[in-house]
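Everything below concerns the one structure shown next.
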Amino acid sequence: MAAASAASAISLNSNSGSSSSNGNPINNNSKNSKSQIMIPIHVWPNPNSRSCQWQSSSSRRWVPLSTKAAAKDDKPTKITADADADADADADANAAKQKKQMQQRNRLELEDVNPVGLGRRSRQLFDEVWRKFSGLGQISSTSRADERDALDALLIREGPLCEFAIPGAQNTTVLVVGPTSRIGRILVRKLLLRGYTVKALVRKTDGQAEEMLPRSVEMVKGDVGDPSSLKAAVEGCNKIIYCATARSTITGDLYRVDYRGVYNLSKAFQDYNNKLAQLRAGKSSKSKLLLAKFKSPDSLHGWHVTTGTYFQDVIASKYDGGMDAKFEFTDSGAAVFSGYVFTRGGYVELSKTLSLPLGRTLDRYEGLLLSVGGNGRSYILILEAGPTADASQSKLYFARISTKAGFCRVRVPFSSFRPVKPDDPPLDPFLVHKLTIRFEPRRQRPVEGPSGVKQDPRSFTLILEYIKALPSGQETDFVLVSCTGSGLEPTRRDQVLKVKRTGEESLRRSGLGYTIIRPGPLKEEPGGQRALIFDQGNRISQGISCADVADICVKALHDSTARNKSFDVCYEYVAEQGKELYELVAHLPDKANNYLTPALSVLEKNT
């Protein structure tokens, strides 16, 4: 009785059914022996049955099987009642096991409501679905040709997958610049799965680009360094995502892609919008409104220079050097507002009553854009709002601005203006009718001159080029993927960042609604696995997945909090003492999870 199983031979042949007791195949001498096949049959009897004779587990019985007669003449072999009882017992055991498993699944565990566990399971589920439908679990295009063709056919035939589709995407065409880059390859497929129509700007429409992009993407040949080749690319587009970057750190290549490329594409997009507006007998909603342009002596008409004081100090007034200011058009072709204020509590102002074109009001715009130069002083912009017929009902609103030594462009949103009297209501741009630029010595930071000597903060020089009103909008028109500089070679870092920042500045002054994303060092790994940090101030040092950056680009297209903002983003990490970051948001990659809005709502606009 040393075995756990018993083997017995069962005859399945009606003509000859003898068996051998030594465990070897039977030598049958009947006339049908040529059509027999010997097969081992194991029967596992009920161990509780008295009729069971236990044998060694290695015992084996061989049974002859007639290949010709078994199909016609043989009857099904009946196994003993002990075997039937064993089968019933196994069925009962399986049913009890399944019932126990159902009870365990129905029991609510603490782990089932743990947010971290739920987030992890949702990410795993999302990644599994993502790999099945788009093959984006891997950054590189490693899927087989037949799998890519199946996905392309699905997108062409059925359109976007309803599970991932975004309501505003169906009638939106997005131009992707740099579609074959590390971020671009993922971005294109994310856009397609969410229902966008995608155009891809490529330098060469060769087989390599066609192999890397889905067939449902419209490829347009062009070069960001050639403005004439961009007209066809922007035609029919509603939004642009620029994720192209120079392939080398050679100055010429950096300048062509990261600066001139952004400038050329934003200008081509503005020209296209203006062309559409002219066809509609109107003006593009993305165009700036020119309030003043100083290009000739006649452009100075209507501007007035005045002086004043916050208080009168009779004792100290006899020691003051006075104050003076002038606004003139120089021989070099520049409009210069300059002077000095040596009086305590004194200030000088340059003001003009605005005359807007017929049918234009400032409530359709979100702020002011000034192109100025000078010696780097700070100024106060004052808007006077109220009915023009009754000046006594007018109210004053102010905002402080800072300039740089040399030329710069300053964006001042209307939301940054505060009432001079705290009890006054917020600014209504519809009622604005007068603009004033004020200089006062208070709160002036020291500025070094060309020779390294600090200048007197009581003197100023402001060169005015133009003042424009920035168009308002709810959504981003242009998404630019820049960089933080982390991970670059120290010898080339400053050069790369300088060109990148110049390209960002050209986008800010274009008048388009923009979102500038500065990711940390890019990593080739699936997205949605770790929490993300959004910050401003170039303080982050960690990396981020290319898939996460692509997801941020897609979400920024219809997020109002992303408009006119620049921000850094990287993986979660513990900041150093005194360098705490703005916001930490858990990234759960679900279509219903809007992690971008709370992250960007605390960040500053027009940066």
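The backbone N, Cα and C atoms fix where each Cβ goes, glycine too.
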Range annotated as region 'Disordered' - as stated in TrEMBL, picked from 65-108, 109-152, 461-504, 505-548: 65-108
Annotated region 'Disordered' segment (source TrEMBL; candidates 1-32, 33-64): 1-32
DSSP-derived helix, strand and coil totals, residue by residue, for the domain 'NAD(P)-binding' (478-559): 30 helix, 18 strand, 34 coil
Secondary structure composition of the domain 'NADH:ubiquinone oxidoreductase intermediate-associated protein 30' (294-420) [DSSP: H/G/I, E/B, coil]: 17 helix, 64 strand, 46 coil
